[in-house]
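One structure below.
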């Protein structure tokens, strides 16, 4: 019995070994065969983003949420409309009207795709497919552009129109089904992140060009940001005026001319008077620095959309050029030029060592105009508790550079602009100061005969890239979260005297200076 038992045990061990060997062979076979197949990236886009280097510089966005935990790299600028398509706009009679026929093809169920929530990839929502217009943040394929160009320029009775529209409708329905699932999935993943980012739809951009947008068309998170700022009311805004939007562009211009007073801290009001500030501030007010003013002026926004614009020579041809914050010219001359006459800087520039305010050439040999958010009451006790303490570096700079014109804007001027924006907007706007861009436009309108503003209202190169010199993507930089940017841009669009083609191609708005236009008597305006 014992030999048989021993043989039985040996047989069992041999069987177990054989099964193990067979399992190992099968496992190796399948793993080898899978490795021969194309394998998707071993990291999701979100996981890969965590491996990207973080942005080194602090972003100079007054009041913006600062969260450098994500970064995004996109090859080139995210262009919304191809030049071939734009050429068709220009050449065809009634082409703008035909563009409205395409709006539905560009529109998803929302005016704003929340496809950058948490600065996550657009490809998280939309598959990369050449047949999809601007899918996943990629440029449209050449064939797709040719089809659209043919569609726009075709005759009204061309049967290809209905075929193409039907094809787009079918693709759109398929995309919506997959998008809803992807969108809900991404929203679930990003519930713990409170950023406010979205990507502009093509129909929204077109409506912005026409001045026909509202906050209801924004991404839900941007809408939530606006509601949060309204409820927080950090600056104690108590608006007592009336809201309407009935003024024409010319009437709005005259309203601004009548009421805007570019006021700076002159050292004569308390507490500055008791601190001896009269000896620190320039003796000549900003408005009288150039007695005859300027002829033509350029206001150059720092928006990423100005990349690849080749506007540098045109910008430098102006008599004066205004730039903002830490926006450089070196290395970007082809797109932004190199002339700088004035630079508007917010208080973060003076206080954050990363901006090298003390020793950078950006802030030398130019007029400097600084500002800091103050209470709506414009109480100058704000000196004791500014958002960022710009006063100490200001005095230090004035002592070292007494001949350089350097001003601090009076809170009364800043909130005066806010009042005018709110009075001319039906909706309640964010109770926060206007953007540096809007402030700069109004300052130059008071000093120049004509003002050319570049990429304030975005061109066809519109992108979520905040600044042309920083790798940071945020749709709030274009439409506003903290600042009432959307409403500012609608006012500027209303006053635009430039060509529509310049707006589409260059992102250029032309505004008359206050001294160049004679306005009628104030009682001719409708009551505010």
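Each Cβ is built from the backbone N, Cα and C atoms, and glycine gets one as well.
Quick look at what Swiss-Prot annotates:
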TOPO_DOM  1-10  topological domain 'Cytoplasmic'
TRANSMEM  11-31  transmembrane segment
TOPO_DOM  32-528  topological domain 'Lumenal'
CARBOHYD  167  N-linked glycosylation site
DISULFID  254-519  disulfide bond
DISULFID  297-448  disulfide bond
CARBOHYD  308  N-linked glycosylation site
CARBOHYD  338  N-linked glycosylation site
DISULFID  466-477  disulfide bond
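Annotation: 297 carries the greatest number of neighbouring Cβ atoms among the disulfide-bonded residues 297, 466, 519 [cut-off 10 Å, Cβ to Cβ]. Secondary structure at residue 338 (N-linked glycosylation site), as computed by DSSP, is coil. In this structure, residue 254 (disulfide bond) is part of a helix by DSSP. Residue pair residue 308 (N-linked glycosylation site) / residue 477 (disulfide bond) shows a Cα separation of 19 Å. Residue 297 (disulfide bond) and residue 338 (N-linked glycosylation site) are 14 Å apart (CA-CA, integer value). Its Cβ placed at the centre, residue 448 (disulfide bond) has 27 other Cβ atoms within 10 Å. In the shown protein chains, 14 other C-beta atoms lie within 10 A of the C-beta of residue 308 (N-linked glycosylation site). With the fewest other C-beta atoms within 10 Å around its C-beta, 338 stands out among the recorded positions 254, 338, 477.
Mean model confidence for the topological domain 'Cytoplasmic' (1-10) is a pLDDT of 71. For residue 466 (disulfide bond), the nearest of the disulfide-bonded residues by C-alpha distance turns out to be 297; the candidates were 254, 297, 448, 519. Note: the Cα of residue 519 (disulfide bond) and the Cα of residue 297 (disulfide bond) are spaced 21 Å from each other. You'll find the Cα of residue 448 (disulfide bond) roughly 27 Å from the Cα of residue 477 (disulfide bond). Note: the CA-CA distance between residue 477 (disulfide bond) and residue 254 (disulfide bond) rounds to 28 Å.
Between the alpha carbons (Cα) of residue 254 (disulfide bond) and residue 297 (disulfide bond) lies a span of roughly 19 Å.
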